[in-house]
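Student: The structure is given below, and queries will be raised subsequently.
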Amino acid sequence: MQNKYYIETFGCQMNVHESEKIAGMLEALGYSPAATRDDANVIVFNTCCIRDTAEQKISGNIGELKALKREDKSRIVVIAGCMTQQKGAAEALAAKFPFIDIVLGTANLYELPAKIAELKERRARHRGKVVAISYDDNPPIDESVPVARTSYPNAWVNITYGCNNFCTYCIVPYVRGRERSREPEAIIDEIRSLLAEGYKEITLLGQNVDSYGSDRSDGVGFAELLRRIAALPGKFRLRFMTSHPKDLSEEVVSIIAETPNFCKNIHLPVQAGSDRILKAMNRKYDRAAYLGLIDKIRKYMPECGLTTDIMVGFPGETEEDFLDTVDLVKRVRYQNAFTFVYSPRRGTVAATMPDQIPYAVKRDRITRLIAVQNAITEELSGEFTGKTYEVLVEDAPKPGMLCGRTDSGRLVNFAGDRSLVGQFVDIRITGNKASALYGEIVDNG
Ligand code: SAH
Ligand code: SF4
Ligand code: F3S
């Protein structure tokens, strides 16, 4: 068991990509990936704290590491990611789980190699663990961190870090700092070399991609960045997440519509359908503005796949507010919705609002909401049957079976050889099960 690492990732795509950076740093130190936790001598948990359920699950998983650590004391257990960056959390984690060796914050993730060296030196002197959190809200962007990518044919590319929006329910601005945009040249260079390496899909990442550049003085905003990406040669797919309804501009919508390489697929979190609740959430748009934006997107791209995030049980949410959300879902007819029960996060404004909703009410509302959305998803899925779509083959989940997505973001399963991963194929849809489509490769030969 020499020099192997295992990374367990929780949370959003931002974390998935950051785990690729953790892997890159560990590989530069001479570590190689292990198949399981048991085979690794460095175990990293890249954590999330967006909801209490996430934190509970992660705490349970960290607890399981105790036995592994007892088995081999030379193992290095690292806890990184958003959970560690909450006020007082790093110390609490270190106290609750004495077998943790390194707690590393989000702002100083790039210090991992230095912290491993520090730990090894301390161990030589029989002295404890390393807790390293930076409370700098505006840390510089380190462009030199190596990346060991695991998501071919897709490549994640950060365009911004952090968030300035302070939606009242959300912990992200507290654990990820202020919004920082990468230099446009750094982004374009990275995409150019990824395409040269053979990546077929680029997904731009930011908490609010539409406000890209607002912290920079070169005048390059999201629309201009997209134009520069559109000018890159070759066939590839571009996706991005997440758009914020208050900032997604008509200019951006029109660029997506007219650029063949850009997927007609927009994730546009609405959160709630009631103006009162949207205001209390500090989302800075109302129901009418949101629905107007959806109309605009559909005018430019009638086939655009629309998905969303919705929360139920925000403080003060009445049955009427909830029914406004259900009504909005029925009007928009999303191809898919990620639905959440509101979870109070310590330090956020909403956590101290009066009229917190009892769990039983939240449970009831989310069950009803999911039923409405499932019926819509099922109906929309049925409309795909018999038609043919271009699909990028993304993975081979089991022998002889492949999966990939349509341009509009629908997941399709079909039979084929794994050598096709990374290629574009035409798939005729034969049926569906809920949101998953099934199909067969069309022989164009
Ligand atoms: N930056 C993105 C998403 C961030 S978190 C955006 O603005 O849309 C992903 C989703 O988690 C959010 O869209 C929201 O629906 C949900 N979420 C965030 N905080 C939450 C909380 N305290 N309780 C429940 N769901 C939450
Ligand atoms: Fe959270 Fe709002 Fe920022 Fe999204 S935009 S990360 S929901 S504060
Ligand atoms: Fe993402 Fe969770 Fe952090 S959703 S930004 S990993 S709190």
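Glycine too: its Cβ is placed from the backbone N, Cα and C atoms.
Just so it is clear, the model here is predicted, and its values are computed rather than measured.
From TrEMBL, for reference:
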type: BINDING; residues: C12, C48, C82; note: [4Fe-4S] cluster 1 binding site
type: BINDING; residues: C163, C167, C170; note: [4Fe-4S] cluster 2 binding site
type: DOMAIN; residues: 3-121; note: domain 'MTTase N-terminal'
type: DOMAIN; residues: 149-379; note: domain 'Radical SAM core'
type: DOMAIN; residues: 382-443; note: domain 'TRAM'
Student: Go through the binding-site residues C12, C48, C82, C163 and pull out the ones with a Cβ less than 6 angstroms from some atom of ligand 2.
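Tutor: Once distances to ligand 2 are taken from each Cβ, C163 fall under 6 Å.
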Student: Which of these binding-site residues has the least crowded Cβ, counting other Cβ atoms within 10 Å: C12, C48, C82, C167, C170?
Tutor: C12
Student: When DSSP is mapped onto helix/strand/coil, what comes out for C82 ([4Fe-4S] cluster 1 binding site)?
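Tutor: The three-state answer is helix.
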Student: Just to confirm: which same-chain residues, 6+ apart in sequence, have a Cβ under 8 Å from the Cβ of C163 ([4Fe-4S] cluster 2 binding site)?
Tutor: C170, V172, P173, R176, R178, E179, Q207, N208
Student: Enumerate the residues of the same chain, C163, C167, C170 excluded, that satisfy the criterion Cβ within 8 A of the mean position of the Cβ atoms of the recorded [4Fe-4S] cluster 2 site; list them in sequence order.
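Tutor: Result: N165, F166, Y169, I171, V172, P173, Q207.
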Student: Could you state the CA-to-CA distance between C82 ([4Fe-4S] cluster 1 binding site) and C167 ([4Fe-4S] cluster 2 binding site) to the nearest Å?
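Tutor: So the Cα of C167 ([4Fe-4S] cluster 2 binding site) lies 17 Å away from that of C82 ([4Fe-4S] cluster 1 binding site).
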Student: From the Cα of C48 ([4Fe-4S] cluster 1 binding site) across to the Cα of C167 ([4Fe-4S] cluster 2 binding site), what is the distance in angstrom?
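Tutor: Cα of C167 ([4Fe-4S] cluster 2 binding site) to Cα of C48 ([4Fe-4S] cluster 1 binding site) measures 17 Å after rounding.
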Student: Within the domain 'Radical SAM core' (149-379) only, compute the mean pLDDT.
Tutor: 98
Student: Scan C48, C82, C170 for binding-site residues whose C-beta lands under 6 Å from an atom of ligand 1 and note them, or write none.
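Tutor: Checking each Cβ against ligand 1, the ones under 6 Å are C170.
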Student: Give me the sequence-ordered set of same-chain residues, not including C12, C48, C82, with a C-beta within 8 angstroms of the centroid of the [4Fe-4S] cluster 1 site's C-beta atoms.
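Tutor: Residues close to the [4Fe-4S] cluster 1 site, other than C12, C48, C82: F10, G11, M14, N15, T47, C49, I50, A54, G81, M83, V172.
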Student: Using DSSP, break the domain 'MTTase N-terminal' (3-121) down into helix, strand and coil residues and give each count.
Tutor: 64 helix, 23 strand, 32 coil
